[in-house]
Amino acid sequence: MIKKLWTRQWPFWLGGLFVGLAEIVFYYKYDMFIVVTTGFAQMYAVSEQYLFGIDWVARLYEPGIHWVIIGAVLGARLVAMAEGESRAWVHYNWPMLALSFVGGFLFSFGTRIAGGCTTHHFIGGLPSMSIASWVVLLSGIPFAFMAFGFAMKIKTGGYFRHQETWDIACRYHKHPDHPHPGYDPNYRPWRSPLHIFLTLFFLVFILLPVYFALSASGIETVYFDLFPHESELPAYLVWISSLFPYESEISGAVGDIGWENLVWLIASGLLLGFGIAKCGFGTECSVMAPESVFTKPDYFQKGGVPLSTYSMFRGMLPLQGFMVAIVVFNLFIMIRWMTGYGSVPNAAGEQGLYWGHILGGPLLATGAVFMIGCEVRTYARLGLGYATALAALPGFYLGYLPYTLFNEEIDAVVFGEGLTGFITLAEWGSSVIGGSETVWAMLYSLFLIGILVFSFGYGQRYLKTNLASLLTKNTDELVFR
């Protein structure tokens, strides 16, 4: 059993549990859910400042590093090593790579408009009862389906699946119901100039902030704990220390946050990236699953989408993982809040809802579908080696620019006037209908648990299986039968 868990893909619910645990670990320390998109911008700002001497992003976001992102990429890479399979073998055509690039742009700009990414609002905001997060979710769903329809229209539907595995690709690529355009035994990614360029772009983006974050002040904090007198430092430690100049320390550097915080942040990221990479967890397919009950298999198959993907949606498998993550985190927040050991995080801002949440939801949904993954799923796909994730990175950078260059004008429109003063649904219910916030919070938790139970019950019926199979078999084992 342990070997199978380590070397094989997981069911969605188990990956979702790891995502929820990542949020709990982060919240326990910082009394807040995981936020990542601003950290992404700060990491781009490092390359701007130290490589090119520009400040297009850095004028608004201080150069820095986000260790949760580093941990998520490392966690996903650990999955690739455990399973003995990088996903760089998947061969995407030009339209799919271009779609991912556009998706990165739309999603990145959407995070600035909506005040956070889908992880912020769905995995953090929904457990926190955020009104704004529900608006972001509901406003985005129709656009997610329109984006999916566009992807099918340009004949890229065959690339949309929860996770690629070489074994499944070899066995089913000729099956008429399971098109697999990414399978090409003759494809060698390291012979592709585009793949090489995108990989170098990614390495610079990820490694340059790490280099400056391990600054001299942070490194020497450890050294001088071991060697109180500078004269006692071994020569090789003096040489290593010289590689990290004091004047280049950035936000989030070891000298800024300390080793304890660094380890805590990376641990949260490792859980997040490992859980997502082990099952293909993503907010975009999770929220689209319930609406799939109103569609027919023919619609997807005409668009070249594998029947296995349709079965995954109709079986509510992504929703199961999504709701496990949300429910476990929500219950932890509620317990901490009701016992006085923590607070309910704010996912909205000073007011409970802005026009930005309404306008940003469609951008986030469209971008996530085009990238074949939301932001945190893209981190995991970067660690796994997917070319679509690599193609999305330059788009992410460009997507920040409209906001960083015109942030005052944009903020005046999208965050100028709040639409409600209520931050959470519990606040709204208590004030407008009556009753205590605690009672409304408990009802909210029961509502989330109800959706979770529904997802498993519906999945059992549609896939004609039992609960034990849903809990023990991964997605491929459930849909390829």
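Backbone N, Cα and C atoms are what each Cβ position is placed from, and that goes for glycine too.
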Have a look at 92-111, 232-251 and point to the one annotated transmembrane segment in TrEMBL.
92-111
Answer yes if the transmembrane segment (12-30) and the transmembrane segment (262-281) have at least three CB pairs under 8 Å among residue pairs 6 or more apart in sequence, and no otherwise.
yes
Do the transmembrane segment (64-80) and the transmembrane segment (262-281) share at least 3 Cβ pairs under 8 Å, sequence separation 6 or more?
yes
For the transmembrane segment (262-281), what are the same-chain contacts with Cβ under 8 Å, counting residues 6+ beyond its ends?
9-12, 14-19, 21-23, 25-26, 29, 34, 66-80, 161-163, 254, 318, 321-322, 325, 376-377, 379-381, 383-384, 474-475
Counting only pairs 6 or more apart in sequence, are there at least 3 Cβ pairs under 8 Å between the transmembrane segment (439-459) and the transmembrane segment (317-338)?
yes
Contact call for the transmembrane segment (194-214) against the transmembrane segment (353-372), three or more Cβ pairs under 8 Å:
no
Could you give the residue numbers and ranges of same-chain residues that sit at least 6 residues beyond the transmembrane segment (317-338) on either side and whose C-beta is under 8 angstroms from one of its C-beta atoms?
11-17, 19-21, 23-24, 27, 33, 122-124, 126-128, 162, 279, 281-283, 285-290, 344-345, 438, 441-442, 444-445, 448-449, 451-452, 455-456, 459, 470, 475, 478
